[in-house]
Amino acid sequence: MSTSEVLPQGAGYGVVIGIGLFFSAFMVGLTALQARYTGVSPKDSEEFSSASRSVKPGLIASGIVSAWTWAATLLQSSAVAYRYGISGPWWYAAGATVQVLLFAQLAAKLKLNAPYAHTWLEIVAARWGTTAHLIFMVFGLATNLIVSSMLVLGGSATVTSLTGMSTIAACFLIPLGVAIYVVVGGMRSTLLCDYTHTTVLFAIIFTFVFTVYATSDYIGSIGRMHYLLSEVSQITPVAGNAGGSYLTLRSQNGLIFGVINLIGNFATVFQDQAYWQRAIASRPSTTVKAYLIGGLAWFAIPFAFSTTLGLAAVAFSAVPAANSLSQDPLSSSFIPMLAPLSQGAISEGLPASLAAATLLGKSGAAALLVVLFLAVTSATSAELIAVSSILTYDVYVRYINPKATEQQILRMSHAGVVIFALVMGIAGVIFYYIGVSMGWLYTFMGVILGSAVCPIALCITWKKANKVGCISGALVGFAAGIIAWLVTTSTLNQKVINVTTSGGNYEMLAGNLASIAVGAIISTAISLIWPDDYDFASTRAINGRSAAISRNVNDELEESEDEKKVPDVTVSSVSNEAQIDPELDPVALNKAFKFAARASIVLTLVLLILIPLPLFGAQTVYSVTGFSVWVIVGIIWTFMSAFAVVLYPLWESRAALRLISRGVVKDIFSPGSGKFVAPSSIKEPGE
């Protein structure tokens, strides 16, 4: 069964434009509700770019899950499951979870060493000056561009395959609706949108999971899936897998992909302002908690999704097209429901769309289209606000108008969103025409971005990090990654270098390893030989007073709602709070950093070493029992993730929800009476 035009072309435009505009209108309305009933309004730059640094951990965790759920999360994870069997989902999920867990350490150090920075590049500029700032800005913006291109390419390829919609139109229309609500609502609106998208995402994932493993006529049980995968392993064994089976973690190519995935995703977390933005928006006391919850919750999405649709796409090649399930799949008259996909189709992420359309027909195609669109748009909103912050604070304020007023900064923030939305569309079209797919970009990103990972981490966390060493590490590592990638491609492909030959596992592995390793070795070695002795005083001074005032006023207003008392907000009290913020207590933040280090390192060892490597070495091909445990654990993990990022944010926001509900009720029965009024105005000392 082909998914070609399973849905009419109008459905594609309906989803991309209709749902996009619906969510834009929804978020605009939600922003208006917040402004009217809570007093929180994105009309100042601090609220627009960082949500006044007051967001609670559940919503931050939901935002992390949403920002890290790209088109590739759903499509590429299913593609590697289709290629390598059950090892693909594990290496995809684990290889992209540990970065978020380890980022918790950087988030803790951010709150300790630069609590009022707007971007990670501001920290680089304050510590190492203009040259380093410009060099690392190139790495940062390149990260945003590559991530955004993958979002657009993956989204447009699937929309086109399911509906026949123009790929070019999809590339430009996908960012359009997102830009509207980001411009109107800023960072807080983005996080609220992330929450709604994440909620729908989990609902649709559960739909696919229970369809495949419980109700489908084609599969319908874990045992049936195991049988079909075993049959396919005999028909088309997987090269490099134990026994050629799809039911083993002993997968040579799966392991290679895992290494590539691990390196590339370090770059796209540590260098992507979207993840720093969430750390900046988070309350200092709960930043580490948010990143650990977000990382563990995210693991379930690619693991459950690809273990469901990726493996289903494989299984359908052992299901007779005539739907006669009693027919012998190995008989000479056997015609598979799905013919094997080309490497190009796999790289575009089409196994998931094939499986969804085969399982549920138009309903499955529509569900995948919606979930993919939501994943793409939520990650797109994160990229738009991230690049807007860089263009505003690291380009406009630093180099063009250092004395910019509040309104000028806000206008530039809005313009930055629109500018990058257009750039996303143009980049997607360019990559589409030169034949670069989402899968190729996904494995390539570590080659050109990996070299800056270690230097950036050292800049934020280590007082001995040497400026020259870290800049040299980033640049030399970049060159080493490109050289290793091209030389390996030439050597393994009779000196033929093109998009096809350069995208192989060994070619990308060489480039990824060279880039991150050379960058790390040079930056660390030079810093040890010629150590700096930096006290982070200049980074702690970044934007100090205005950010603190904004967050503390919001905190006082929220506490007043919880405790039903009127806060006494004076200029002197706010100023003192800005200088000595209880949540910025160095002892507490150092304790949080140590906890983040222990927790993230232990979880990283479990996910990358203790679980997969013994199973890789054992060459076990799972029985029905083993495979059942594998699937059931994934389903349980998915339920726990849904509780963590769907229900928990509602509980922790109950005070704000009560405040809004009370205001709405008042307005219904006495129009105009529900509008939020600040409990007290700011008074001068002694007034």
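Cβ atoms here come from the backbone N, Cα and C positions, even for glycine.
TrEMBL has this to say about the protein:
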- 12-33: transmembrane segment (TRANSMEM)
- 59-84: transmembrane segment (TRANSMEM)
- 90-110: transmembrane segment (TRANSMEM)
- 165-184: transmembrane segment (TRANSMEM)
- 196-215: transmembrane segment (TRANSMEM)
- 291-319: transmembrane segment (TRANSMEM)
- 414-434: transmembrane segment (TRANSMEM)
- 440-461: transmembrane segment (TRANSMEM)
- 468-488: transmembrane segment (TRANSMEM)
- 508-530: transmembrane segment (TRANSMEM)
- 595-615: transmembrane segment (TRANSMEM)
- 627-651: transmembrane segment (TRANSMEM)
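When Cβ distances are compared across the two stretches, the transmembrane segment (508-530) makes contact with the transmembrane segment (440-461), since 3 or more pairs at least 6 residues apart fall below 8 angstroms.
Here the transmembrane segment (291-319) does not touch the transmembrane segment (414-434). Their Cβ atoms form fewer than 3 pairs under 8 Å, with each pair 6 or more residues apart. Counting residues 6+ beyond its ends, the transmembrane segment (595-615) has Cβ neighbours under 8 Å at 87, 90-91, 94-95, 97-98, 101-102, 104-105, 107-108, 249-250, 258, 262, 288, 291-292, 295-296, 299 in the same chain. With pairs at least 6 apart in sequence, the transmembrane segment (414-434) and the transmembrane segment (165-184) have 3 or more Cβ pairs within the 8 Å limit; the two touch.
For the transmembrane segment (59-84), the list of distant contacts is 91-93, 96, 100, 147, 150-151, 153-155, 157-158, 190-195, 197-198, 201, 238, 241, 246, 251, 253-254, 257, 269, 274-275, 278, 281-282, 286-287, 290-291, 293-295, 297-298, 301-303, 305-307, 309-311, 313-314, 341, 346-353, 355, 371-372, 375-376, 378-379, 382, 438-439, 442, 641, 644-646, 648-649, 652-653: same-chain residues at least six beyond its ends, Cβ to Cβ under 8 Å. Touching of the transmembrane segment (627-651) and the transmembrane segment (90-110) is ruled out by the presence of fewer than three CB pairs under 8 A, sequence neighbours closer than 6 excluded.
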